[in-house]
Structures are given as structure tokens and as C-alpha cells.
Amino acid sequence: QDEEKWDYVLVSDIHEAGSEKEIKRKKFLDELSKKGFTIKKIEDKKLFYGVRAPNHIFLKYQWLLRNPDSRLQKPNDNHNVPVTTRIRIVNFILQNTVTPDCEKLRDLMKKKVFEATFPLHEKEEIREFLKEHWARWREIFRQQPIEKIRCYFGEKVALYFAWLGWYTYLLGFAAVAGLVVFIAGITTFNSSQVSKEICEANSTIMCPLCDQKCPFWMLSDTCIYAKVTHLIDNEGTVLFAMFMAIWATVFLELWKRQRATVVTDWDLYRWDEDEEELAMDLINNLQHEPRQYQHSYFRSTIILLLVLLMIAVLIGIAHALVIYRVVATAFFTQSSSEFVREQAIILAMVTGAVLHYCTIVIMTKINRRVALFLCDLEKPRTFSQRENNFTVKIFTFQFFTNFSSLIYVAFFLGRINGHPGNYVRIAGKWRLEECHPSGCITDLFIQMATIMLLKQTISNVMEYLSPWVKHKVRRWWRRPKKRRMMLGEEEEAEDPCKRQWLSNYELDEVNIFSLFDEFLEMVIQYSFTTIFVAAFPLAPLLAFCNNLVEIRLDAIKMMRLQRRMVPRKANDIGIWLQVLEAIGILAVIGNGLVIAITSDFIPVQVYKYMYSPCVKENNTGVDCTTGYINHSLSMFRVQDFEPYTKGDPGLAPTGLCHRYRDYRNADDYSYTVQFWHIFAARLAFLILFEHVSLCIKLIAAWYVPDVPQSVKNQFLDRKHNNLRKELRWVMSQEV
């Protein structure tokens, strides 16, 4: 039965005899034969070549690397070599076998000599277990069988699912905290003094929100939005933002402990990737010379400039989205529909968020190509180094793609647009958009909610449907051929390998970055969950629900819809850990800025302790925020409007003055003393919040050891026992 087990399958089109492609294919297969590989050919609509490596290759690997996969065996016994190790070694040899024309498998695939290469999903006990007890929707709340995942897909995939499961588990605590903050906001929905003042401001006339066809409006018109804003902009948000900064640190520290325990059980804690790659290079070619470490300052400078250029392009796209919202607002305000005119700002923000999502989808593909091109320029020494370089670049590009527009909405929207009578305009025509009348944090909330919901619905649906549709189409395409063969003469019995190879070929293709894509998706989600969580407390809850689905979705894809991934050995999640730590620091900065700049938390606190009735009078029965709304609005004279802004004279109020959100003097529109008090308070809060949060993060990192004591004691006992054995051996030799 072992004789019919094949390590790998190569697929090729049927080329004409004597053609260049046929000759190149034969040369490559001849090189494999020289190395002792057994090759089996099956012809159908395509040519299938099954390859099986000789046993001596695995014995060499066991001798060179004495790790959990490779205890010393008898010379002819390699049954203890795991399938994942066999596939990994065979894949390495296939990728590094050179033909007499100095071409590798990668070059032959580019020239269409081979169409596909893949290891096989085999009908073994562990696969059936994973299909029934892991890759099922009904198992959504059950713990994952990480050890069995490792035995089938290798350590790297197992660590991904271990990390994702741990992240989702701890995300549950953050989701509950966010939900509590949101519910606390709901309980005070009608009791907020600020919201009450807005709802009762029937005589407060506000500036038009656009130049043409926009009426003067009453502040009380935004009553509902003011109450909704209070759900996310309250004292609980500050505590929740600090909680999330601590949560991000504790999550990573606890993951380090979890990872140490897992890889120690696998006996991979001190595994050396470079040593393994050197060993496989020597097994493949005894004359191999290692590639030396090199560094070129000129090449690094060129790559840095190209990265900065790409970032500038991504920021330019964010500017284009800003221009879209400005033009869309002007367009909606001139609509014939009264509803569209009244909701112009909301419609512009929502359609802008949808457009932002579309740019994310498109730029993700472009960012990948650019990052790969830059990696090729760098010429990294090893595959792992190439993967790390690619990870840093693609994450940087994706970060700016996802967050440039959000950064503008959070920190610049409504702060660089000028004031009535002196608006900042694009092309001298369209004035920059303002925050929603109920507060700037509402715009950020809408933007984040729209993007996260789209990413977690459309993206997940497409992630599942794409391989499912491809799989069904390939099966349908092959079906007529099988029927004709069954109706024809029975020339010979069908090869037992044929059906297995064909069924594997019909599955969706995977590549070296398939697992990378899953990591990137989750790390971007982690960024959304932590960096601007102060503006969207429900983000952890959405992420938690998404991850429950994501785990089973990925499992079903890998087990049922995709070809088998090439197993890779690993003892951690690689450079992703450093990326997550960087996001944790950005989360502290981002949330501090959101509370200090975007939220009305600081202006309200300054008013309470410097200008409110509680300061002027010793009256405990008065709410200290009474009068805040009137205090936060400035006066503007109608006759000071720009001619372009006056619009329909029939819409003007009878009075001479009306209000707008800002802290400016009524005579010359310069900033008031209150503005500078609030500015100083924002700056002081930002510094205090970030220093306190970072100190707590450092204390949490110190308090939770990276490696459990049980793991340290295990290594201590192992060293002690080894030294004792060596000493006894020396003493026995002396006797």
C-alpha cells in the first residue's frame, strides 16, 4: 500500500512530441530520476506525474537534524518520518532542482512547461477526523484540535490557528467590555444634559451647511444624532480606550506564554530555521555553498524611496476620497429630493466609506505586486527573510490603504475648513466638509462601522464563494469526459491513483502566500479593533463574531475546497509578532488622539471645571454641563458671508446673527481664550493618557512572563539529565 503513496504531483499540458516544452519537461524529470525519485505518469486531458522520494533522503535528514521528526532510526526504516516532513523536503528538492539549461521549477512554470504542482490530500484517519470535527460549522464553539492540525498541515498552519483561536478567546473579554460601555451609553440616552440642550434649542439658528440651496437650520434638528453621539462619546469611552491598550499588551504577553508551551510540546522551542534550510540544501546537492549575508546601502536607499513614493500615492488616494466627499456633499445638497438635501452629509460620508472599501479591495492587489517587486529588488538570502521583508512592506501599504482616510476623518475633518465668511475651498469652488452637527466622532463612527461591516460580510462571502465556485466549475468541466470513458470499451481498469489525483487537481490552487493572506486579514482586523476603538466600542464584538466564522471558514477551505498546503516548520508566528506589538503602540497613540481631538470629552470637562454654573455658584442641584452647548457656539453676522455663500435670500433668518460650532470672537472671528484653554487641556490629556497607558503596558509586559515556569523547568531538567548521562559515560570510560 505504501508503494502507491505519492509525495507530490506535477501537472502538465500535453505538448507535441519534440516541442521545446516537452524537451524541458523531460530534462527536469530526468534530473529527479538521477536523484532516485520514482515517477509515475498518468494521461488524461492533462499529464499527471506522481513523484516519490527515495528513503535515503529522509535518513540523511534524520541524521543531520535530530529533532522531534527525526529520532535516529534503523538504516532502512523511515516510517516515523511524518508525512508533513516528507512533503516539505520533497517540495524543497523540487523547487531547487536545476536542469542542464539552468532552469528551476519556478522558471518552468512561468514558461507553462508545468501547469500545477501540489502535495496530495490523502484518505487517512487524521484527515477524516479534521473534516468531521474541525471543518464543520456545527463545531464553531468547540476548541480546535491543534495537534492534529499540526500533524496534517505542519507547524506554521497549526500556529496560525492556535494564534487565531487565542486571539478570538481573549477578544471575547474585550467584546463584553465594549458592549457594557455601549449599553451604559444607552441607559443615559435621554439623561445627557448636552443632548437635552441640543433637543431644546428651538431658537438657536445655525449656519447653512453648504453654499447653495441649504437653509439656515435649527440646532434642535440634530436631536436624534446628538443622542446617538452620546452612546459613543461619554466618560466610559475613555476608560474603555485605556482598557483596550492594556488588553492588547496582555493578549500578546499571554500569547507568548501559550506559544512557548505549544512549541515546547512539539520540541521546537530552540529550533533553528537556518540550520534546517542548510541541511536540506546539502541533501539536495552535496556541493552546495551557502549564500553569504550581504547588504547594499544603495539598494536599500532605492527601496526606501520607492516605499515612500508608494505611501505618497496611497495618501493621495485618501485625498481623492476627501475631494469626493466634498463634491458629493455639494451635489446632494442641490438634489430635488428634500430627504437627500437634509441628509447630504450622512449620504456623502456613507458613500465615501463604500468607495473607500472599494479602493481597499483594488489597492490590496496592487500593493501585493509592488511589495513583491520590491522584495525581488532586495534579493533576500533565504525564503524566510524574503517573507519577513514582504510582510513589513505589504502591511505598511495596507495600513495606509485602510487608515489614511480614517486618519483624515478622525483628526483633520472639520478642523481645517475655516469658518463662515472665510471657508477653505478646493479649486476655489467647493468648500471643505465639516463635521456632522452632532460632533466629529459621529463621522468616524459611521466610517468605521461601514468599512468593518463590508469587510466582514462581502469579503468573507467572496473568500468562501471564490474557491467553491472554482471547484464546482472544474468538476463540471471534467464530468463529460468521465461519462464517455464509462460508455466506451473497457480497455483496462482505471488506475487507483487517477481518481485521487484528478480530485486534488480540481480543488482551488494554493500558493506560498495563502497562509500569509489569512494572517494579513486578521492583523488588519486587529488594527481596526484597537487603533480607533474609542470611536467604535462595538469593534471588538464585530471582530469576535467574525473570527468565530473565520476559523471554520478557513478550516473548510483548507480541508474541502483547496489543494493541500505545503507544510512548513515554525516555532512562532514570525515577524507578525513585532507587527502586532507596533499596532499596540499605535493603538495607544490613536485612541489618545481620538479622545483628545475628535471627541467632545475634553471641551466638556474644561467647561465643567472652568466655566460651568458649578464653578460660579455653589449649587449642587445643577448639572455642571448646563449651558455647555451655548458656550461652544460662536456668533456670526449674516452680512459677513462671502457672496458665493449667501444662496437663496428667502431662506435667510430675520435676525442679524446666527451660530456655528467653534470658539471665535464675534467681532473679528479670532480664537477666544476658551479655545486656548481647551487646546492646552487636549495637549495635557494626550500626554497624560499616552504616558499612563504606555506605563501600564510596560508593567503588564513585566508582570506576565513570556515563558511559563513549567517550560523553563522542563528545559532545566533536560539539561541536568543530559549532563548527568555524559558524566556517567565519562566515569564508565575511566573505569
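Keep in mind that glycine also has a Cβ here, set from the backbone N, Cα and C atoms.
Note that the structure is a prediction, hence the values are computed from the model and not measured.
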Which of these ranges is annotated transmembrane segment in TrEMBL: 198-221, 390-413?
390-413
Do the transmembrane segment (157-186) and the transmembrane segment (523-549) come together with 3 or more C-beta pairs under 8 Å, pairs six or more apart in sequence?
yes
Just give the helix, strand and coil counts over the domain 'Anoctamin dimerisation' (82-146), going by DSSP.
33 helix, 3 strand, 29 coil
Determine the mean pLDDT over the domain 'Anoctamin dimerisation' (82-146), rounding to the nearest whole number.
90
